[in-house]
């Protein structure tokens, strides 16, 4: 009996391992950055400040695993060199988690790369592009990274407040689908009052 249980455990381990590999091997290809919309006449000063993450879509997002996605906030703080210090504040367990990084301006206004990228040895490239914003209510930001030779991309729907209109959410879904994403790759966050307002 002990040998049978061991064989069953090994088979299950192999199945789980192959499923985990399949989830990253079947990534929807990232669109070329040049084909992603870029906010015309991007204003760095107006974009800074706090944004709440209302929606998230990406080739590594799976609705069935992330259906109870908790809202977090991201603060863009403009620096003298036109880079942003970017702080994301997330709820983790009973505490708050802070993720701080720098977005350095790229060749076109509204495009950025991850500063100090050598501090992230698993990341080969990381690009950020503001696709659409009115600065006062919403923004749609495209992120693309190459990590361990796999290309991931996501689109974030930001709101200056925790709630956005159904029309803006539908616009976000249409934008995500125009990049090749499916309904299963799109989630909306559950608002929280913990951590993210401070």
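From the backbone N, Cα and C atoms, a Cβ is placed for every residue, glycine too.
Predicted, not measured: the structure shown is a model, and the values here were computed from it.
The signal peptide annotation in Swiss-Prot covers 1-20 and rests on similarity to another entry.
Per Swiss-Prot, carboxymycobactin binding site is recorded for 72, 73, 74, 145, 154, 158, and the stated evidence type is similarity to another entry. Residue 72 (carboxymycobactin binding site) is surrounded by 21 other CB atoms, counting those within 10 A of its CB over all protein chains shown.
Reduced to three states, the DSSP call for residue 85 (N-linked glycosylation site) is strand. Taken from Swiss-Prot, the feature N-linked glycosylation site covers 85, and the record attributes it to sequence analysis.
Under the heading disulfide bond, Swiss-Prot lists 96-195, citing experimental evidence as support. Mapped onto three states, the DSSP output places residue 195 (disulfide bond) in coil.
Sequence-distant neighbours of residue 126 (enterobactin binding site) (same chain, 6+ apart, CB under 8 A from its CB) are 113, 114, 117, 120, 143, 144, 145, 146. Here Swiss-Prot flags 126, 154 as enterobactin binding site.
The disulfide-bonded residues under consideration are 96, 195. Their Cβ neighbour counts within 10 Å are lowest for 96. Distance from the CA of residue 85 (N-linked glycosylation site) to the CA of residue 154 (carboxymycobactin binding site) is 20 Å. With residue 96 (disulfide bond) as the anchor, the candidate binding-site residues are 72, 74, 158, and the one with the nearest CA is 72. DSSP assigns residue 72 (carboxymycobactin binding site) to coil in the three-state reduction, outside any helix or strand.
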